[in-house]
Amino acid sequence: MILGIESSCDDSSVALIDEETLEQIYYKKISQEEEHAIFGGVVPELAARLHTKALPALLNDILLNLKDINAIAVTNEPGLSVSLIGGVSMAKALSIALNIPLIAVNHLVGHIYSLFLDREATFPLGVLLVSGGHTMILEINENGEILELASTSDDSFGESFDKVAKMLDLGYPGGTVVQENALLCEDKDRFKFTVPLLHDKRLEYSFSGLKNQVRVEISKLKTITQKDIADICYAFENTACEHILNKLEKVFKLRNFKRFGVVGGASANLNLRKRLEVLCQKNVCELLLAPLEFCSDNALMIARAGREKYFKKEFINHSELTINPRVGFKKFEI
C-alpha cells in the first residue's frame with residue numbers, strides 16, 4: 001500500500017491505496033473551514049496548530065495497516081510553509097521508523113491525478129486547474145511533462161469568490177455560498193460586469209479588476225437585501241466563468257486537445273462545468289472531471305500521484321526532502 005499525506009493549506013488528510021489495483025483502503029480528511037471562517041480566510045499559524053492535532057489523530061486510525069505500507073507520498077510543494085512542514089515532518093518520521101521509501105509530491109500534480117483515482121493515467125492532456133490559490137491552463141505531454149500555458153497575474157478564480165463572499169458578508173469559504181446565491185437571482189440583467197482582458201491576446205488571467213467592479217456596485221447600495229446579494233453573485237459568477245472560457249478558447253486554437261481535464265477545489269463550480277462541457281463538445285474534445293468530493297485538497301490524489309513515482313522508483317532521501325511554498329512549471333511562450 002501507499003500512504004498519502006496532505007497538509008498544504010487548511011485540510012489535514014491521510015489516505016491508503018493499493019498500488020497495484022488503485023483500491024482505496026482508507027481515506028479521511030479533517031477540514032479547518034469552521035475554525036478559519038470567523039477570520040474570513042485561512043490564518044497560517046492557526047492552520048499549522050490544527051495540523052499538529054489532526055494528523056496524529058488520522059495516523060492513529062491506520063496503525064494496524066502500517067506494516068503493509070510500502071511507501072509514503074507527501075505533499076511538499078507548493079502551499080503554506082507552516083502547513084507543509086506538518087505533513088512532511090510526519091512523513092519523514094514514519095519513513096525512518098518503518099524503513100520504507102519517501103516520495104515527494106507536488107500538490108498541483110496531485111490535483112491532476114484526481115482525474116485518475118480509479119484508473120491508469122493517460123496523456124497527452126490539457127488541464128484547467130482552478131483553486132483558491134491557483135488558476136492555470138496546463139499541457140501534459142506523452143511523457144507526463146507539464147507546460148504552463150496560462151496563469152493568473154493576481155487573484156485566483158477561487159480566491160475571487162472568497163473575496164466577493166467576504167464583501168457581501170456571506171462567510172468563508174466563498175465558492176459554494178456565492179454559487180448558491182447566484183442560483184436565487186431573479187434579475188439576470190441587473191448588474192453587468194466587464195470580462196477582464198477580453199480583447200487582450202495574452203494568455204493571462206486577472207480577477208482583481210472584476211473584484212473591484214463588484215466592490216464599486218456594492219458601495220452604491222444604501223442597504224443590501226437578499227435580492228441584491230443574489231443578483232450580484234449571479235453577475236460576478238457569470239463574468240468570472242466567462243473570463244475562464246475566453247482564455248481557454250484562445251488556448252484551444254493553439255492546441256488541438258483531444259482530452260481536457262478540470263481539477264482543483266473551484267472546479268466544483270457547476271456554472272463553470274456546464275460551460276466547459278459546451279466548449280469541449282464544440283472542439284470535439286473529451287472532458288474529464290474530478291469527482292466533486294475529490295475536487296478540493298485530499299490525500300487520495302497525493303497517494304495516487306505518489307504511486308506513479310513509486311513504480312519509477314523516484315524516491316527522495318529524508319535529508320533532501322524540503323518544503324517549497326512557491327513552485328511553478330515551465331512556461332509557454334508565444
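Here the Cβ of each residue, glycine as well, is placed from N, Cα and C on the backbone.
The substrate site in Swiss-Prot is built from Leu129, Val130, Ser131, Gly132, Gly133, Gly175, Asn269 plus one of Asp118, Asp162, Asp169, Asp187, namely Asp162. Measuring Cα to Cα from His111 (Fe cation binding site), the binding-site residues that fall within 10 Å are Leu129, out of Leu129, Gly132, Gly133, Asp162, Gly175, Asn269. Counting every protein chain shown, the number of other Cβ atoms lying within 10 Å of the Cβ of Asp297 (Fe cation binding site) is 28. Reduced to three states, the DSSP call for Asp297 (Fe cation binding site) is coil. Within 8 A of the CB centroid of the Fe cation site residues His107, His111, Asp297, the other residues of that chain are Glu6, Ser8, Thr75, Leu108, Gly110, Ser114, Ser131, Gly264, Asn298, Met301, Ile302. Each of the binding-site residues Leu129, Val130 was scored by the other Cβ atoms within 10 Å of its Cβ; the lowest score goes to Leu129.
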